[in-house]
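**Q** First the structure, then my questions, so here it is.
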Amino acid sequence: MTLRLFDTATRELRDFTPREAGKVGMYICGLTTQGAPHIGHIRFAVAFDVLRRWLETGHGYDVTLVRNVTDIDDKVLRKAAEAGEPWFALTYRNERLTSQALDALGVVPATYEPRATGHVPDMVTLMETLVEKGHAYAAPDGSGDVYFDVRSWPDYGSLTGQSLDDMANADDADPRGKRDPRDFALWKGRKADEPESASWPTPFGPGRPGWHLECSAMARRWLGDEFDIHGGGIDLRFPHHENEQAQSRAAGLGFARYWLHNAWVTVKGQKMGKSLGNALEVRHLLEETRPLVLRYYLTAAHYRSMIEYHAGSLDEAAGAVERIEGFLERASRRGAIEPVAAADLPAAFVASMDDDLGVSGALAVVHDTVRAGNSALDEDDDEAALSAAAAVVAMTEVLGVNPLAAHWGSGSSREDAAAELALEALVRAQLDARQVARQERDFERADEIRDTLTAVGIEITDTPSGAQWSLARQARSDADQAADPTDTTHTTSAARGAEKAQG
Ligand SMILES: [Zn+2]
């Protein structure tokens, strides 16, 4: 089985062959940490998480995934100045929010997440090489800027298929010092109004990195002069990726062998932007949507297709997740579900995934298997049902949407279900003892029991039909908070008895 990926550099599907057998080096452009991430910002991480999982599970590759953090740039400095806070406080806070969002959505952590500010020496080395080879120059105006000389590199434009004459000017620095207005900044000399903490010494003068240079330097440091896959959002193709490739190749490095780009999340056909407010920030969406549902939503579209977000967008994903969960729950009552090995994944699923990560086809196989499994359950064919469940677990795990994955902590795994039953029995025994104490008018004892339960985060509500208990909100995990709050409300046996008596 051969994995084929759409290489945006050659604009065609190519058989994927890693440069070193069994290993894949992958660099993904991460976020500029200027704000809290919304779902449009983090789609790339989910898209490339599916690729990473498929490379590992479907093909057995040992993947080194490097995803950078652009923790300094013009916008970061401007926003920090507006907010009156240190730029590094702002950027680190947003980096943490991004990590939390990706973790909540079950994105497997990168092998390494380098920050631009930690790699200035690597950038200086690359700039010196480019200057020596005649592909870069320090601005003659003494500004401390260093530019890439686009006309010195005939291959410039090849990644995006553009000729130099058709390109827009690089508006990243004052063009006065540039030989050509399309020359882009490798390094930006320090300006008088910029904080001293945002400047590093170099042979060209103090300053800070240009965005493009960061990625070339960090990819080289952690993946070597040449690596397999470079990924990022489609909007990064030009100028960012064109410039990354030009400066790395001009410096004599092989750089990326395959380029993959994911599409956007759009609202009314437009790329999701900050102007939409904070409602679509991942942390706010997760207050009302289960993380697994949001993950499914972002995973279900092909990575090169736009996802058009609208109110009610997540309902369809929620329905699909519930169908998978409902089947696995039914099946788990008939026996243990052991996920199948990669070699035993359904052939149609494998074929879809190998065809440029065809998740739509792969999910169709998942849902067909769920339907077949439900029919088997209806016919009491436990063996067929459990074998379908095993395949569903393995397939959804590849896509990062396995409801039984410990990550979701959804209460749907067998261990969680057992723990819930044990807790129910223990609390019920305490509530029965409290009821006896009250009947004996030993109110001190009754209050003591109540206080003990309250102290460990169990809230008791006395109702006409008996005492009910629930886990206090602050004692519950984030994942539980996203679920229906009535899930953890339990009626005591005494109350159930009362209901029965009434019925
Ligand atoms: Zn980049």
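Cβ coordinates come from backbone N, Cα and C, glycine included.
What TrEMBL shows for this protein is this:
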type	residues	note
BINDING	CYS29, CYS215, HIS240, GLU244	Zn(2+) binding site
REGION	161-182	region 'Disordered'
COMPBIAS	173-182	compositional bias 'Basic and acidic residues'
MOTIF	271-275	motif ''KMSKS' region'
BINDING	LYS274	ATP binding site
DOMAIN	348-407	domain 'Cysteinyl-tRNA synthetase class Ia DALR'
REGION	466-503	region 'Disordered'
COMPBIAS	480-495	compositional bias 'Low complexity'
**Q** Given a separation of at least six residues and a C-beta threshold under 8 Å, show me what packs close to HIS240 (Zn(2+) binding site) in the same chain.
**A** CYS29, TRP211, HIS212, CYS215, GLY232
**Q** Which are the residues of the chain, CYS29, CYS215, HIS240, GLU244 excluded, whose CB is within 8 A of where the CB atoms of the Zn(2+) site average out, their centroid?
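**A** Other same-chain residues with Cβ inside the cutoff are TRP211, HIS212, GLU214, SER216, HIS230, GLY232, LEU236, HIS241, ASN243.
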**Q** Taking residues 6+ outside the compositional bias 'Basic and acidic residues' (173-182), which of them lie with a CB under 8 Å of any CB in it?
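**A** For the compositional bias 'Basic and acidic residues' (173-182), the far contacts come to 137, 139-141, 143, 145, 147, 149-151, 164, 167, 188, 210.
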**Q** Let me check the 10 A CB neighbour count of CYS215 (Zn(2+) binding site). How many other CB atoms are there?
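**A** A count of 29.
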**Q** Please report the DSSP secondary structure of CYS215 (Zn(2+) binding site), reduced to three states.
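**A** Assignment for CYS215 (Zn(2+) binding site) reads helix.
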**Q** Can you tell which of CYS29, GLU244 has the least company, meaning the fewest other C-beta atoms within 10 angstroms of its C-beta, among these binding-site residues?
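**A** Looking at the binding-site residues CYS29, GLU244, the Cβ with the fewest others within 10 Å is that of CYS29.
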**Q** Could you please provide the mean pLDDT value for the motif ''KMSKS' region' (271-275)?
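**A** 72, rounded to a whole number.
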**Q** Tell me the coarse DSSP state (helix, strand, coil) of HIS240 (Zn(2+) binding site).
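**A** SS state of HIS240 (Zn(2+) binding site) = helix.
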**Q** Run through the compositional bias 'Basic and acidic residues' (173-182) and tell me, per DSSP, how many residues are helix, strand and coil.
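**A** Per-class counts: 3 helix, 0 strand, 7 coil.
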